[in-house]
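Report on the following structure.
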């Protein structure tokens with residue numbers, strides 16, 4: 001119950017146990033195609049260029065920037081936590097002119113501030129669900145008024161847990177991770193790129209490994225010849241395929257509702273135990289609840305007790321909130337009432353309530 | 001029995017089935033430390049900066065270059081196949097002045113040609129075992145005479161299958177893949193960096209995801225605080241840990257000997273069936289045998305028959321050798337006499353011998 005990874009769906013372990021396929025085996029290629037199609041369903045998109053990047057969520061972030069940012073490109077980034085900061089670092093290494101829009105941690109980034117930050121940005125980038133603070137930043141308004149800019153959205157912690165609508169909202173590039181609300185171990189970064197953004201992919205991105213023109217010739221073509229780029233991480237793709245299967249068997253809306261219900265249960269229970277909610281009201285993520293520790297509760301020893309005695313992991317605060325804030329995840333297969341009850345019961349015992 | 005992935009060791013499937021750990025869980029950190037120590041053993045090194053990069057072998061290649069190459073750095077690259085070509089592309093995207101040393105496919109790259117290619121290269125890069133041709137290029141002489149240059153070696157297909165000695169040979173940076181002779185699915189890139197190379201890591205590499213200064217603060221410190229960089233691919237690290245355990249339980253020298261014996265058996269058997277060996281004598285990889293197809297044998301239909309009827313995958317030739325050459329792997333857990341016998345028996349039946 002940390003900020004991810006959560007527990008994988010049981011179907012994932014079964015997928016890992018299957019015999020190895022080659023990355024050019026027709027059976028694997030079919031599995032990869034189906035995985036991309038399932039990703040389109042969870043991203044709510046018809047973008048042809050939708051695929052798992054062969055690295056963790058941060059590789060997805062780097063792929064998102066390195067393919068469309070050229071030296072000198074103005075890039076506006078909303079910064080209300082660690083992952084907004086990371087976007088600035090990644091964009092700067094691509095040579096971007098980074099225009100950060102800083103907001104206090106725990107608050108969402110107002111669309112107006114992003115829209116007025118630069119007269120003609122190439123990219124406006126924002127984190128939909130900040131894993132460091134448990135805050136949701138809404139992106140619909142950004143998408144509506146972005147003008148010629150590409151809208152780039154980090155939905156590592158949001159995808160599968162709360163509504164995200166790539167096409168309906170007008171998102172150009174979105175990436176996620178597998179280990180949050182998709183219920184799969186970390187190791188891949190689902191990515192989707194609109195046709196509008198695809199046309200702006202630079203001819204030779206600084207990264208060979210993350211070059212979407214080349215990767216797309218392996219994963220992408222609906223018809224025609226596939227061209228080998230790099231050896232796909234076969235087992236992780238099979239795991240993602242299985243995890244997405246579990247999500248879609250349940251139904252995406254049902255998954256959102258389950259996360260919402262667990263978040264509500266957790267917020268109520270933690271407040272009853274003396275924890276105060278950290279994130280701004282109206283923008284709290286159900287899949288990641290952030291709380292101020294009650295007076296007198298020691299962060300490190302309590303988290304160690306939870307882990308060792310009860311087998312429950314919760315996450316500590318980051319940056320200036322280390323030692324003062326917890327991040328409690330309820331994501332993917334972990335988002336079950338029984339897990340919330342276990343945590344609340346364990347905490348009540350530890351706190352002597 | 002393609003050029004990788006091979007079949008994983010059975011211990012790997014067991015590792016995948018274990019419960020998920022968090023990337024900061026003390027139990028995972030201990031597993032990661034032990035994985036890095038096992039990598040030191042197979043690389044034959046004491047380099048502190050030895051770790052699995054969170055991507056496939058090509059991510060290891062990119063990490064190797066992007067951390068030590070600055071715009072304008074002269075980089076000499078031996079090119080005798082696809083992976084030498086890829087090195088040139090990767091180095092060029094880092095801004096290097098690339099000096100390719102071209103050699104016909106199927107031949108090793110002579111050390112003298114690499115050493116005389118540039119008066120003061122920053123990096124001399126070579127592929128130890130070319131996966132596209134089945135050829136071994138020796139690196140000891142390069143290491144001895146490299147002068148001030150860093151020696152960067154691709155050992156994706158060599159590590160665990162034939163002798164490789166990072167420290168004794170004087171290799172500065174080496175990377176590998178998990179899916180070849182280490183008997184693990186693809187998804188991680190073992191990497192080792194000498195202290196001499198570590199001192200030359202550029203302050204801000206173009207890649208955030210592959211920044212070894214930052215990654216080393218998470219995986220690296222023998223003592224002191226670990227700093228989170230990106231979420232480690234937990235399950236793949238557990239799989240690598242298990243695969244390396246299988247290799248080291250058998251013994252590295254025993255693994256080399258097993259690969260050597262299977263390669264010999266395969267070369268003899270394939271020649272008896274009318275295949276001619278492709279790679280230069282004295283430089284043939286036992287773990288990857290390349291052969292010219294006999295007159296009249298159709299590449300695509302024969303490989304499809306092997307896969308569908310016998311469950312055996314072999315790899316086709318690349319580039320100008322597509323349709324004319326096969327690449328037959330015998331790597332990791334696949335390198336067993338019974339697999340060689342199965343392939344030779346299947347081929348004899350298909351060929352009507």
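All residue numbers here begin at 1 and follow the chain in the order shown.
Note that Cβ sites are derived from N, Cα and C of the backbone, with glycine treated the same way.
Taken verbatim from TrEMBL:
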BINDING   A:327  substrate binding site
DOMAIN    A:20-317  domain 'Aminotransferase class V'
MOD_RES   A:180  N6-(pyridoxal phosphate)lysine
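Contacts of residue A:327 (substrate binding site) defined by a Cβ separation under 8 A and a same-chain sequence distance of 6+ are given as A:2, A:3, A:131, A:132, A:134, A:288, A:289, A:290, A:314, A:315, A:316, A:317, in order along the sequence. Following the DSSP three-state reduction, the secondary structure of the residue listed as 'N6-(pyridoxal phosphate)lysine' is coil. For residue A:180 (N6-(pyridoxal phosphate)lysine), the number of other Cβ atoms no farther than 10 Å from its own Cβ, over all displayed protein chains, is 30.
Summarising model confidence by region, the domain 'Aminotransferase class V' (A:20-317) averages a pLDDT of 96.
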